[in-house]
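Record features, source TrEMBL:
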- 201-253: domain 'Spondin-like TSP1' (DOMAIN)
- 311-363: domain 'Spondin-like TSP1' (DOMAIN)
Amino acid sequence: VSWPAAKQQWCCRNFAMGCSSEQKYDCDAGFWNWQVGWTAEKKAFCCKEKNRGCEAEVHVEHHLCAGHEEEWSQCPDQPRCIECTPVDCLFSQWTKWIEGADCIGLRFRHRSIQVENNECGLPCFGTKMESEPLPHLRSKCLLLKQDCVFSSWSQWSVCENQVDQAVRSRHIDKDSLNGGEACKGRIKETRPCGGPEARPCIFSEWHQWTSCSTTCGEGYQSRMRRVASEDYLSGQTCDDALLDTRSCNDQACPTRDSQISHWSTWSPCSGNSLQRTRRREVLVSPEGVGMGFNVSLVEAGRCSPPEGEDCMISEWSSWTQCDKSCHGGQSYRHRRLVHYNINGGQCPIASLQEVTACNTQPCNGETRKCEWQAWQEWGQCSNERGAGLAQRKR
């Protein structure tokens, strides 16, 4: 009853003291030092409920002890030399969960020390920041490529003697997704208990920064380093970035508006062309935030229809020799169509061949007049489309 709520909460979480029946252990608090800092009851509870703080069964040989040991404690009836009112450390409440940047798939929350403990008060015991996987990834992150990720190596198993072998293992923490790289490497390692000295992983020095990606405006530059020496039997792997980037060239780019030439002259209309074109070109392209043009660079126009031309008929030829010497003969002359009418020109109906009577004097004193037959029907046109020629005879 006399304990403050903060002290009751702290002692319940870390030492299972002062707990009410409804309280449970906080299996995240003090996990970094669970092997030493947690009580056996808390280890058993968190191992069963959260699978954290589980201790592997280790076979320990029992030996008889020889010698003496001492234990010191305060005298219960002896007053303190200096009176001290305990002020225990007190955490603030956890903040709301904050989603991590990009697509790392984690969210974070933090807390701070609200009350510092004094020399006789209990210190704060636990982390100031926690992270956990997001319950649901954002839609834009679902199809991102994800490489396979190993978990951290477990601790080396306990050696029973110098000729024994220690074993450690790891597992696949994240499978590859959407074409990501598969995990490559061992999932179990062994080392002799009395073997060579272990060495941690060592990074090389950072290389120089690359040149900026742009000459003006916001750009980026990067630098790299490599793993100079791999971990050897220590379990201390290189768990940091090999590529570092930063922004550069904050000065603004120069601004220039675009310029367009005047229209060219219209292309000539030739043959059966129905269209003509004209063009213009970009003389100066825009730079920075300069003004651009959203206009066409080529225009098409309609060609004017050509003037119509009438058909042309040649001159009459000379009359042919009369086919009879007496009693009414016939002589012929003809002409031809030099070219058809085009583009709506005229071509009147005209005869291309003429006949006339000749040597009409009777051979035996009798005379008879010539008579024309009736015209035949017009023949078929020489062209299915455009100008053509049709004939009829008698």
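Any Cβ shown, glycine's included, is placed from N, Cα and C.
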Tally of DSSP helical, extended and coil residues in the domain 'Spondin-like TSP1' (311-363): 0 helix, 18 strand, 35 coil
Three-state composition of the domain 'Spondin-like TSP1' (201-253), taking helix and strand from DSSP: 0 helix, 19 strand, 34 coil
Mean of pLDDT values spanning the domain 'Spondin-like TSP1' (311-363): 83
